[in-house]
Structure formats: structure tokens, C-alpha cells
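Colleague: Sequence annotations record features per position, and here Swiss-Prot assigns domain 'Radical SAM core' to 52-279. If you look up Swiss-Prot, you'll see CYS66, CYS70, CYS73 marked as [4Fe-4S] cluster binding site, on the strength of sequence analysis.
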Amino acid sequence: MDAGLKRELEQKVRSGERLTREDGIALYESDDLAWLGGLAHEVRTRKNGDVVHFNVNRHLNMTNVCTASCAYCSFQRKPGEKDAYTMRIEEAVKLAKAMEGENLTELHIVNGLHPNLPWRYYPRSLRELKAALPEVSLKAFTATEIHHFETISGMSASDILDELIDAGLESLTGGGAEIFDWEVRQHIVDHRTHWEDWSRIHRLAHEKGLKTPCTMLYGHIEEPRHRVDHVLRLRELQDETGGFQVFIPLRYQHDFVDMKDGKVRNRLQARTQMATGAEALKTFAVSRLLFDNVPHVKVFWVMHGVQTAQLALQHGADDMDGSVVEYKITHDADDFGTPNKLTREDLLDLIRDAGFRPVERNTRYEILREYEGPDPARRESPQPMRV
């Protein structure tokens, strides 16, 4: 990128002018990560100061039985297959209550698209979880799951959301987005929920007063132009509804996915390494610069590793997710080398060591507690050469 284009993009960002598709592609083509990260950090600081948000949450994956066979997924199993499981609701409640003494604030629930579970299983599970943990927010179900519920129940998404909200739902999850462009999506997704239905369901959720996250799965067969298109679709929907709280880039776990036979899956598997740390940081930076109307950008440490997550905080991200606890969707792929859980103290140390001030939030991004910032005497900055 020549100096003139750099100055033009800097001026746009600093004046608050919206970046275009062409600008986004130009940013991805830049090989000056320090400049790109610095520009994204300016925007992140303007929106969120020196704060990094986190929460104390527990992920629940109540079934891995799924009708779909998406090319990127090692979580799903078919009915009767080895390692297929479906929890009784009582089991899920027991797992959730095991964290009761840790000031849990959120349950994050994502499942496979089970062909035989009745629709009533899902609102009942929310009601029983809410009854057991009334102070805990329930963030549950992807738009793909809501679309699946339409199929198995014969109900509309609007009526489904109404019943789930009545049962205690406070937010959808952001999954099922992957990459929206059909050029890529047709090769990686094996279900019927594409942009039209994904956006329809999140639009409905926003109309009903729910705030939701949105995601992008990157680092597989997509190109930078597909990432730019993905973010711009979300940005346009955010212009319309204002309902997205946070954008979450998710790094695809290449090395650990057990792909099945077939041309498409071999095409995915052909790239034997994950997106590099530098590519991950560039993705966070460009996302922060393009997605100007979303308040927060989250780095999900489970899918990036804690050191890359710390560096992402200096490249546009301002949220480090939470304690997580047993995220099967990634860890079922293989041992990715990240823990199943970080304690509150772990998160505080990681945030401070990256040079930021930790703030504990709830699902709605309401501040629960502010902590002191980094101690210069003990700060251990993340090392770029380890990314």
C-alpha cells in the first residue's frame, strides 16, 4: 500500500467517515500490520477506552447429534454413532449449578440439530435452568437452531422466539454465520440456514428487544473479499436494527478437524495449518475498522490461544469472553492446546498483562465490577514471536 492511500484511509478513520468495500480489501492487502493494528487500536480506544470486558460464563452443549454434516465441524455425530450424546435436562441443570459458587452470570447454550428431540425440550430446558439459577442470563441457540425449530415444530420463528423469551431467553448466540457469501458457503455448510434466514431471525430477535452477537468463521477456503462482504452485510443489518452488541471473528481449527471423505472436505483439509497469528490480528483490525457501528469486538480465546487473544486486544478487540468451561465444539476437534476454563483471576491477569483495565460485565454489557488496571511492576506483555 502506497503512502498516499495510507494517508487517505487514516483520514477517513479519524474523521469517522465510513469505509467502503474497496477500502476493506485494501486494508487486507496491506503488509504493514503495525500500522493496521495501530489504526484499529485508535478506533477501539475511542469506543472503549483502556477497558477490556469479560464475564463469568459456562458453555453448555446439550447434544452433539446433528442432521447436518458441515465440512468444518468435528462436533456433530449422527444418531447411534459412537460418542453421540444427548443430555437429560436434569444433567444440564446439574452441570450449570456446579459453578454456582463462582458468581456465574451467563449460560451459553449451543447444540446440534437433533432430528428426534421434540421442540418442547428446548423451552423446557430454559425454564428449568432459569428456575435453578434465576440470576444467570441465558444466551442460547444459533439462528440455525431457531430455523431448525421452525421445521420440527411447524411454528414461525416469531412464535418460537416469543416462547423462548417467556422461558427465560435473553440473547441468541451468534453462530451459524460462518461466511455468508454463497461462493464459499455452498462448500462448507450442510444445512439450510443461509444469509436470508440468518438475518431474518436476528432481525426478529432485535425487534423483540433481544441484543445478539454476530460471528464470522475465517481461515478456511474464503478470501479477504469474502470476509469484507460478510462484515458489510452485518454492518448494513446493524444500521437497520442496532441489535448487535459484539462481533466475534472465529479462527477455523484446521489441524484438528477430522474431515470425512469427499472432494469438498478434502479441499478444506488441503490447507494444513490454521490462519497464522498475523492473519488473525489483521482480521481483527480490519473488522474493527469496517464494522463501525458495532460497540464491541470479542476475541474468543478458546479458538485463538491466550497469547494471540492478548495481542488481539491491541488490534481492535475489547472483549475477551469469559471463563467458558468445557467448550466441546472446539475441544472435540482435538487438543487445541487451550484450557477448558480460565478463572476470573486468570482473566484479570491476562488482561492486565496485555496493558488494559479489566471490567466484568453481564450478557447485556452492563458493568458488574471494575478492577484496577495493570501493575507496571509485574506486567508480562504477550510476545509477538510466539503468535
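Any Cβ shown, glycine's included, is placed from N, Cα and C.
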Colleague: Could you name the residues, excluding CYS66, CYS70, CYS73, of the same chain that surround the [4Fe-4S] cluster site, i.e. Cβ within 8 Å of the Cβ centre of those residues, in sequence order?
Modeller: ALA68, SER69, TYR72, PHE75, GLN76, GLY112, ASP190, HIS191
Colleague: Identify, among the binding-site residues CYS66, CYS70, CYS73, the residue whose Cβ has the fewest other Cβ atoms within 10 Å in this structure.
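Modeller: Per-residue Cβ counts within 10 Å for the binding-site residues CYS66, CYS70, CYS73 bottom out at CYS70.
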